Each structure stands twice: as structure tokens, then as C-alpha cells.
């Protein structure tokens, strides 16, 4: 019980601090702002707005260096009678490293990554990478533009399974009106997008940069979708340019009052929980316990990201362990009792898919800069989130997401919830785990928004 008392005091304090700040500072529309994140001073001449094709390629000498590092991995000894509750042990990692070294084919994966054209363009002084997939349209057919934004430790590659579902819907359970033009950016400092050379680039700045990308590509009105940090970024986009965001869809509903609502649900469940939410929201003590256990990385990355960055930039096995542990535990937070023989059966997707995401971080050397995004955003998270999102919203409730948010809680931030869908399966990395469910939900959400727009014109 001791940890419960400590957690109660901590969370009540956080909740009171938040609520006092909320009442003293009412929500207000966020400002769009502007920024310059390039090296040196901002030049007087206008920024180069050209969009250039980009080909993903890792030189042979660097690939050889990676394999040499894998061969020379220094392993440590595990504690006896422990399983995944200690994290990624050598027993978990050794078969993965063996596969990475002897069976994984990066050149084959490069071709897969390059099957959809990548581009780069300079915005606010830094190169922004993105993938653009334009569908084949029949005469009179129009595609809905959608930007899908990854989180951490993910990448644009998380959405590759969904591309055919969105750009060729008639062959994947949709109809001709469900066709999308898909834009997959790499967040600043992630993957092949350049990192900021100055401090301060937070989720709102990232949202502004991605809006500038969409307008540069000719989209005045568009949909956005995101999970994890991507959800926070698309929420910011909806706040700063609501007239341009046709609809926002999120598979992580991280609203400011969530923790305080969870505390109230523990103390007075009948007051704050919807009847139909009882089964999936309780026991909230367990949810909070899971959250506290699984978010140690968040504190490190929000305070001293560069310190751990040295280890993760220099060691491919360290990088893989750090990333893969999140891919497992974020959707299997209640299954930490698996041993090394069982673990491979519980991954949300194949080792090839997971290692390709790891490779994107390794090839680009972007792990440290991606973690800095926490340093720039989390200390001012409440301030950044203190606005009402008035854009039509589609919200996804995942059964294996440890921070779940019922609809009436979400309505304290989203004023126009068009759809709230509880999925039959899936967790934190929904685009990897159940892409077909996410695609179906996106179709249904955008259909409702489009029907509204038609009625407004009548």
C-alpha cells in the first residue's frame, strides 16, 4: 500500500497544480508563431521553397561498420529467475541480434522504403523529410489529403502497411469515395528530417512546420492523424490553424485533465465514469501503476536527453534494446512475465518490420535529436495544451493502451467529437498492430466529416 499512498499524494498534487493553473489561466486560442531552427542567424533572403526528391541509402562502408559493431557486442549477465520485468535482457536480445546480423536484409528494405517516393524541403531553416503517395484517380474522382504523423520511437515507416488501404480502398474493404492522398512526414529531428540547431522546438513548432509543409504542397484543407507524440502534434496543428485542418484523428487521447480524472475515478468512480466505461477503465490504480512503471524514459528524455544519447548513438544493440522494449511493453504492459523463449510470439509485428524502424534511427543518427523533442515539449506540456480543439475530431480507444480516455473526459478538450471508436484489438502502435481497423475508422470518420461539409453547402 505504500506506493499507492505515495502515488496518490503525487498525482493529487499534480492534479491540483493542473487545476489551479487551469482556473487561473482559461483556455485561449494558441498563436501560430514562427521560428528559425537552422544554423546561425536567419538570412534576409527568402527561404528556398523547392521540394526535392530524396532516395534512402546507407553506404556499404557504414553497413559494414554496423555489422562489425553487432559482432563485437559486449553482453552482460542477467539476474537469475527474472523475465521481462527487468526489461530487454541479453536472452531477449541475442536472437534478435543474430537475426539482424545474419538474416536481415537492409538492401531489400531500402527498396521497400523507396517504393514510395521520399522528398525533402527546407522549412524554418531545416530540411523536412516526407513521403508522398498520390493515388491513381478515375475521371471525376477526388482524393482526400491526409497527413499521418508518427510518434516516438516510431517513424514514417509505421504507416507503410496502411498506404494500400488508403490509396486503393476498393481492394481493401472501402469504396471509391474513401481514397486518400497520403503524406508521411518525419518529425523534425526524427529519421531523415534535420534536427533543430537551436533549443526550443516543441510540439507546437512542429505542428506549424508540418502545416507549412502541407500548404507548400498545395493543400489548403486537409486531414491529420497521429498517435503518441504524433497525436500531440496534430492536436497542436488543429489548434493553431483550425480553418485548414478539415478533421483530426488521434489514437492516443492525451488530454491535460486525464491524470486528475483518473484519480477521481479511483476515489469516486460513479461520479466520473460512464456506465459503459466501467469495464474498460477500471481498475485505474493498475493503469496508473503501469503508467508510472513504463514511463521512466519520459523523465530522462525530458531532462537530460543528450546524456543517454551517447550510448544509443554509439551502440546499435543498445539502440535496438531501447526501442524494441517500448514496442513490446507499450502494448503488453500486463505481460512482463514472459521469458526469452516466449517473447518472440508476442511482438506486434515481424522482426523485419521492427528492425527496419531501428535502422531508420541508426542510419540517420537521429536518436538523440528525437529524444530532445521531450526536453522541449514536456516541461511546458500543460501550457501548450491549454486550448479548446474546435476541429471535427475522431478519437480511437484502444483496449491495450494503458492510458485510456473515455469520451466525456475527451470532451473537456475536443468540442466537436464526430466519432469515438473503441477497437476490438490493438494498443499503442495501432498502425503496426491493427492497420485495417485504423483504416476502417479513418474512412468512417472522414465520411461523416465530408457529409457535414456537403450539407453546409446545400
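Cβ from N, Cα, C; glycine included.
Here is what TrEMBL records for this protein:
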type: ACT_SITE; residues: 228; note: active site, nucleophile
type: ACT_SITE; residues: 374; note: active site, proton donor
type: ACT_SITE; residues: 428; note: active site, proton acceptor
type: COMPBIAS; residues: 39-49; note: compositional bias 'Basic and acidic residues'
type: DOMAIN; residues: 51-159; note: domain 'Epoxide hydrolase N-terminal'
type: REGION; residues: 27-49; note: region 'Disordered'
type: SIGNAL; residues: 1-21; note: signal peptide
Report the DSSP secondary-structure composition of the compositional bias 'Basic and acidic residues' (39-49) as helix, strand and coil residue counts.
0 helix, 0 strand, 11 coil
I'm checking region-level scores; what's the whole-number mean pLDDT for the domain 'Epoxide hydrolase N-terminal' (51-159)?
96
For the residue listed as 'active site, proton acceptor', just count the other CB atoms lying within 10 A of its CB, please.
26
What three-state secondary structure does DSSP assign to the residue listed as 'active site, proton donor'?
helix
Local backbone state of residue 428 (active site, proton acceptor), from DSSP in three classes:
coil
Tally of residues which DSSP labels helix, strand or coil - the domain 'Epoxide hydrolase N-terminal' (51-159):
40 helix, 24 strand, 45 coil
